[in-house]
């Protein structure tokens with residue numbers, strides 16, 4: 001057989017009592033780069049009743065020596081080649097089949113193979129250091145004790161382990177679906193010899209061992225494999241996620257209560273990509289070949305992978321699982337290389353996990369790169385195992401393993417804890433839960449240490465180090481809400497409420513002001529942080545409540561008391577309320593001194609209120625004096641200066657033009673020279689901004705340029721401090737679209753359903769392909785959708801470009 005590339009499961013075994021630490025070749029099976037099967041998916045127009053005949057016709061027309069093998073999930077089919085081919089040869093055959101007009105795509109059904117052991121762990125590693133509270137000795141520990149004080153999990157959450165199968169280990173069996181390995185899921189290994197259990201697919205996912213003997217390598221099926229003992233990899237991974245805990249025996253899992261579902265995909269010397277894709281779909285609740293899954297998983301752990309582009313089969317299976325609400329967690333790989341060439345770690349809609357050593361540096365074997373999402377401990381990880389070198393021998397053994405395979409289940413276990421901590425994540429009230437979990441998991445991560453060997457950065461190892469406690473808090477804490485300090489307002493005066501709400505781990509998505517007591521007033525824009533109202537004409541007390549909700553469905557409230565006081569006699573420096581778009585005449589007198597010019601200048605003060613964001617022009621004109629104009633925030637003459645002007649358009653008059661948000665503002669009308677008196681006029685002209693937060697139209701194939709402006713349109717998903725632009729588009733049929741957002745600013749992109757800015761969240765992206773631009777690639781049904789183009793950081797302005805294209 002020709003040299004070829006194998007896909008391998010990211011396994012690394014450490015001999016429990018070895019003190020001889022030496023590096024081993026991480027990818028012992030890279031020489032076995034062959035496959036004997038091709039995945040073919042027909043276009044939707046093909047008839048299901050004649051699918052087998054259609055595939056056979058495609059093969060015949062291509063002149064390829066192959067036969068129909070079996071149907072697969074997602075309306076794909078497996079073609080059996082007459083003999084094994086190298087991967088480049090198989091890819092050429094697949095490309096030839098893809099040219100047929102009835103074929104949607106074809107790709108090699110590439111094999112996945114276990115890897116050899118990586119660096120052995122020293123026996124002095126202190127049990128399960130990775131679960132401990134992070135400290136100076138173990139800065140990368142996952143901080144589980146504090147997390148367990150918040151939640152130890154829920155038996156309503158199911159985590160799928162897509163791996164080699166599991167064993168009836170005494171410290172694991174109680175956590176398996178059905179209470180034992182044989183009933184814990186399904187065996188998807190379709191090749192009987194590889195399954196090593198005497199048959200193909202069946203309902204027993206027990207691990208029968210994946211050893212490779214001298215006899216095995218003498219056969220055609222396993223001639224490209226290396227000799228090895230059984231790894232019991234799935235049992236080790238499952239124990240990290242959820243070994244029976246707090247039971248006075250063995251080891252503890254990350255999650256103490258979640259149920260473990262087993263999908264066996266790797267057998268003797270590996271397993272096929274098509275089997276893995278079927279297992280991913282089935283784990284999330286999709287029936288495969290008539291086999292239903294009565295226990296759909298909310299978390300799917302894939303401690304496996306290999307070289308190559310993601311491919312349509314993997315991506316379609318992952319997308320299907322995510323659409324069903326499952327979060328897919330994938331190992332970055334053990335090749336010490338950029339993860340961009342490792343699948344499925346390079347697929348979209350997955351959480352890709354790198355491995356850390358005890359001091360917080362990147363593990364020597366771990367893959368890295370911009371597509372890594374987070375990092376977790378992956379060296380010296382103690383978990384459940386069996387001592388048998390071939391068949392199972394001891395149901396109460398434990399061993400240390402290294403690898404991204406060991407880091408990944410820690411993330412899966414933490415996500416299961418997050419789901420248990422917030423019932424709204426599982427009750428159907430929220431959309432796109434996997435994306436929310438990923439965003440909050442990353443926001444809760446700890447910074448990497450910078451003074452260690454192979455120090456990680458956010459461009460090599462993801463957002464940060466896994467922190468279980470902070471991740472629980474990220475989905476359990478409501479936003480912090482402050483309705484503001486108590487106000488006193490004069491009867492009949494305009495007033496503006498100044499609330500604030502923030503979420504430490506994400507965005508605040510809704511605001512709601514409600515009047516709780518007092519004479520009823522009309523609040524303008526009560527779904528913003530700063531609504532305004534006109535005070536009643538009699539003294540009294542009003543009470544208002546601000547309620548804010550975050551992305552994970554949690555709300556909090558804060559109350560504000562407003563005292564309405566009878567107006568007192570107006571002093572010379574009291575502000576006069578202006579009517580918008582009308583001229584008001586005034587006079588500079590020595591009885592009122594300027595606050596912002598100097599106390600040697602005379603001034604008059606005016607207030608005006610905007611009920612919505614507007615373009616405002618303020619004119620101060622005088623034939624007697626050289627005028628000077630200040631614009632201040634709020635209702636006081638001591639407010640913050642927003643703008644000032646002298647000598648507009650080369651004259652002695654003053655003018656300020658500015659876009660202002662809804663609220664109350666104050667004008668200081670004064671003079672350029674000191675101690676000047678005389679008459680003047682002041683006028684505030686305001687026009688509401690067109691289409692504030694109303695989506696603009698964009699069509700397929702179109703690119704639009706726009707500008708983020710301050711205080712004009714706030715992001716409905718990032719929060720009120722983030723400026724945004726919205727675009728809507730409609731599709732007449734199912735279409736795969738690419739949405740690109742580019743700017744000099746660090747961008748953030750959302751895709752929403754419906755025709756307005758408050759639609760359901762379908763997808764989001766930040767930092768596409770390692771840049772500060774954003775991209776979403778999504779297959780959408782016919783309908784109307786909205787793009788929210790905003791920024792990663794608050795209060796950013798500048799130009800932005802949005803492009804919408806379709807992929808055939």
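Note: Cβ is positioned from N, Cα and C throughout, glycine not excepted.
Whatever TrEMBL says is automated annotation, not expert-curated.
Look at TrEMBL and you will find 1-23 tagged as signal peptide. The domain 'Peptidase S8/S53' annotation in TrEMBL covers 155-429. According to TrEMBL, the active site, charge relay system annotation covers 163, 233, 405. Residues or ranges marked as domain 'Peptidase C-terminal archaeal/bacterial' in TrEMBL: 725-789.
Structural mapping of features recorded in TrEMBL.
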residue : record                           : DSSP (3 states)
163     : active site, charge relay system : strand
233     : active site, charge relay system : helix
405     : active site, charge relay system : helix
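Put simply, residue 233 (active site, charge relay system) is 7 Å from residue 163 (active site, charge relay system) when counted between their Cα atoms. Of the active-site residues 163, 233, 405, 405 has the largest number of other Cβ atoms within 10 Å of its own Cβ. The two recorded residues residue 233 (active site, charge relay system) and residue 405 (active site, charge relay system) have their Cα atoms spaced 9 Å from each other.
Per-residue confidence over the domain 'Peptidase C-terminal archaeal/bacterial' (725-789) averages out at a pLDDT of 91. Helix, strand and coil counts under DSSP for the domain 'Peptidase C-terminal archaeal/bacterial' (725-789) come to 3 helix, 42 strand, 20 coil.
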